[in-house]
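Chemist: Below you will find the structure I want to go over with you.
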Amino acid sequence: MAHTVKQIAAALGAEAFGAVDLLIEGAAEPAMAGPTQIALAMDPKYGEGLAKGHARAAILWAGADWQELGLDAAIFVPRPRYAMSGLTTLLDAGPDIATGIHPSAIIDPSAHIGANAAIGPLVVIGRDVTIGDNARIAAHTVISEATVIGDDAMILQGVKIGARVQIGDRFIAQPGAVIGSDGFSFVTPEKSGVENVRETLGDQKDAKAQSWTRIHSLGTVEIANDVEIGANTAIDRGTIRATKIGRGTKLDNLVHIGHNIQIGEDCLICGQVGMAGSSTIGNRVVMAGQCGVNDNIFVGDDVIAGGATKIFTNAPAGRVLLGYPAMKMETHVEAYKGLRRLSRLFRDVADLKKAVSKPEQND
Amino acid sequence: MAHTVKQIAAALGAEAFGAVDLLIEGAAEPAMAGPTQIALAMDPKYGEGLAKGHARAAILWAGADWQELGLDAAIFVPRPRYAMSGLTTLLDAGPDIATGIHPSAIIDPSAHIGANAAIGPLVVIGRDVTIGDNARIAAHTVISEATVIGDDAMILQGVKIGARVQIGDRFIAQPGAVIGSDGFSFVTPEKSGVENVRETLGDQKDAKAQSWTRIHSLGTVEIANDVEIGANTAIDRGTIRATKIGRGTKLDNLVHIGHNIQIGEDCLICGQVGMAGSSTIGNRVVMAGQCGVNDNIFVGDDVIAGGATKIFTNAPAGRVLLGYPAMKMETHVEAYKGLRRLSRLFRDVADLKKAVSKPEQND
Amino acid sequence: MAHTVKQIAAALGAEAFGAVDLLIEGAAEPAMAGPTQIALAMDPKYGEGLAKGHARAAILWAGADWQELGLDAAIFVPRPRYAMSGLTTLLDAGPDIATGIHPSAIIDPSAHIGANAAIGPLVVIGRDVTIGDNARIAAHTVISEATVIGDDAMILQGVKIGARVQIGDRFIAQPGAVIGSDGFSFVTPEKSGVENVRETLGDQKDAKAQSWTRIHSLGTVEIANDVEIGANTAIDRGTIRATKIGRGTKLDNLVHIGHNIQIGEDCLICGQVGMAGSSTIGNRVVMAGQCGVNDNIFVGDDVIAGGATKIFTNAPAGRVLLGYPAMKMETHVEAYKGLRRLSRLFRDVADLKKAVSKPEQND
């Protein structure tokens, strides 16, 4: 579906110049752009690319001379990355799911599905499920008994949602995500080596050999409005209470959320982050890829953790973390600078020991 | 399904007091409990919650005065966490899969399925598969040719089990788990840079540019009794022999088990742990989330590894490990205490060098 | 399907001795081999196993006396691991998918599927999809609209391929792999704490509380010839341009490839590796399990990274890396040797400080 340059600018809350009625069918990097694509050149480094490509219109960096650049039309935006949000929302056609319910979908007669649904082939929807209006549910998704999902959901291929899960509006789930798997919770009849190690920080004591007994997960998962879950991510249900994901929080691919985890609002949890059971994460927390969160700890509001940070203990609000184990980012940078020069330090100390001991030998 | 307080106590091997015929329909945290739920208050810190909630019965900490707490009935247990196992087993209704075989399931006529099966919609079962009695197999599961599964299996949505896999009794697989994917095994016609690096610990030498050729996985996967596999976990088949998971071992979500791995009995392998090919893990090994195991190594019985421990070399039985690379937990705690103070040490040594060199200049 | 010893040797480009017309039905480890299996004994350490097993033929280490070992036939290979490739290719029967299209598959009439296809139960193929000749597509796979796949594809159970993806010849995808999920790309209306931390390496400044807005992924995924993708791995589509995987590159299980990533040719990316968005990986790069790659960096040709290496900054071609953060492997080995002895160094420095200050006190 095509949009005029003027419509695009309006959607971005930006100003358009030149041939603002030009029809645009898509977006492209400057050097790759065809004549019906708008070139994304929000930085002067893309100027050269514009010359190579065939765009007639572009979104440009502040101060660019669009006529000099050979363009027929231009849009200027104050915050380029934010403009990408508006632009891509406008141009995204979304997944191809026909309106209505595909005849191969298996939907329990007790399920309630709102208006204007598009439900793909081989979807399975269980007993007493409720789904709001405008749902788009792609092929091979399973939604289990008594689960409730709000309006405007987009659930992609092969998502598996367990029983009694509560999900808000505008939910997005990428392919293969699992919501409501059982928690990983096992116990031995008598005290285990692990329990002893936790108490002693290193000593198993004489725990005897035992097998693990399962603690079943009776709790569920509660997901607030405006949450997105990545591909093949898994979210376990709670043991008694619910595992919770707060409003506006986004989870990337292959994330592991253990049982009873409580995540606040507006968090970004990147690829392959893992959280052990029963920890609490504040609002606006950002965890880069492969971070780990210990069980039963607290991560405060506005914590930012760099790539692969392993958080073993409570993190106060606003802390910026990095490393294994997590340190303040500036401490980490300093410590690892030292670590790289450590062999030199050992040599220096050896020299010092010689220098200091020599005079005594000379006595 | 409701149980009396007396029945619950009996299931836990515990004593019940007061109105032991009270009917209980579920469990809840004390502050959230309704009148037909049993409150879980095994620690004095939950006393306050009991006053806020509406439970008439509770499982209490030793020494609690249940009448003083306003309860009509109480159960006392010696090991609260272990009691959780009995209680949740009793109260878990399990997944909603109708008894019998759903008409949309595609089951090869040569497959043998035991008595009392519940097989959900769109399940695919291949040629010569054998499944024991009481199987519960949820929607969208695939079980491939010549695989054998024991009695009492619970296989959740979208699990994919490959060909010729052998699985014991009481098997549980969470949604999206993959069992029997091909091993990641490739070789170059001539010696590769990786082979040289392994020999020299750092030098690629002059290995030439080559493409990778696939080693196919002819082996299978053997899983003993009482094993549980987490959501979206992947277990590769062996190259020639089988990848093996021992009796009573539990794997959490998003775990990666490479080809030829041999895991012993009663292990706990937590979320996102990864094991490269051909390593051997002993019995009762516990690995916290995000641990990694190198290929072709040996991890002894009763090893416990803390979060994100990366095990590069053989680990003796009973060792408690932490860190990247893995160290004894106490060594790790000590080493990282030092790492954080490293910049101070550099300053001290610089001062010492000045102090030691000064007298000589004064000579 | 059986092969003679002579046929196997020919497939390996190797020499056969003895009863070369012996029929072989499979391969086994020496101690487990039956009389119709060829024993794999390419190292003298397997000599003993041969005596325990019942193999009549073996692939042997150079210089072995096959008659002395009691064998009827033997094959000698110059590079045993490479021979495994030829042997396992010969003996792998492949997945059991009947030729033709299973009646339960749902294939859009506009899709074009090449000659000699084997398409399993409940496969869903969307509008305008093109698939080459000899495709083997297992149960529950979804291939979305306008995607193009080359010849000789083997796509296993439950793979989900998104819209408009381009894939070359001889593509292999293990169960549960997701190709073409949306990128994880979000932006705040005003500058966020994360943006400030990136600039200052640790300081959030006074970024205000904001919610995240989605940048949609308009780009796609391009996968060249001879690529293999592991079980439950997820590859995100690009934002504007395509995420790309080069010819001959192999990805293991549970790998996360972010949006816009460009991976070169002949790379090996092992289990649970994660790559944040927009980074570029050269040719013949090898990353061991659980490595991480920061966003917007460059990893040069022939880089080899050991297990769980976290690459935060550009890595020059040919570099051998290890550690968190990544160091040259030899620097890492040296640094961590020091780290383990750090508490001793602290004691030495404390002693030195005493020794150096004492004389002054004595003055």
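Cβ coordinates are placed from backbone N, Cα and C, and glycine is handled just like the others.
Since this is a predicted model, take the numbers as computed values, not measurements.
Look at TrEMBL and you will find A:102-182 tagged as domain 'Mannose-1-phosphate guanyltransferase C-terminal'. According to TrEMBL, the feature active site, proton acceptor maps to A:His259.
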Chemist: In three-state terms from DSSP, label the residue listed as 'active site, proton acceptor' for me.
Modeler: coil
Chemist: Name the residues of the same chain, 6+ apart in sequence, whose Cβ is under 8 Å from the Cβ of A:His259 (active site, proton acceptor)?
Modeler: A:Asp182, A:Gly183, A:Phe184, A:Ser185, A:Ser217, A:Gly219, A:Asp236, A:Arg237, A:Gly238, A:Thr239, A:Thr243, A:Gly277, A:Ser278
Chemist: Which residue counts does DSSP give the domain 'Mannose-1-phosphate guanyltransferase C-terminal' (A:102-182) for helix, strand and coil?
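Modeler: Reading the DSSP string over the domain 'Mannose-1-phosphate guanyltransferase C-terminal' (A:102-182) gives 0 helix, 28 strand, 53 coil.
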Chemist: Within the domain 'Mannose-1-phosphate guanyltransferase C-terminal' (A:102-182) only, compute the mean pLDDT.
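Modeler: Summing pLDDT over the domain 'Mannose-1-phosphate guanyltransferase C-terminal' (A:102-182) and dividing by its length gives 98.
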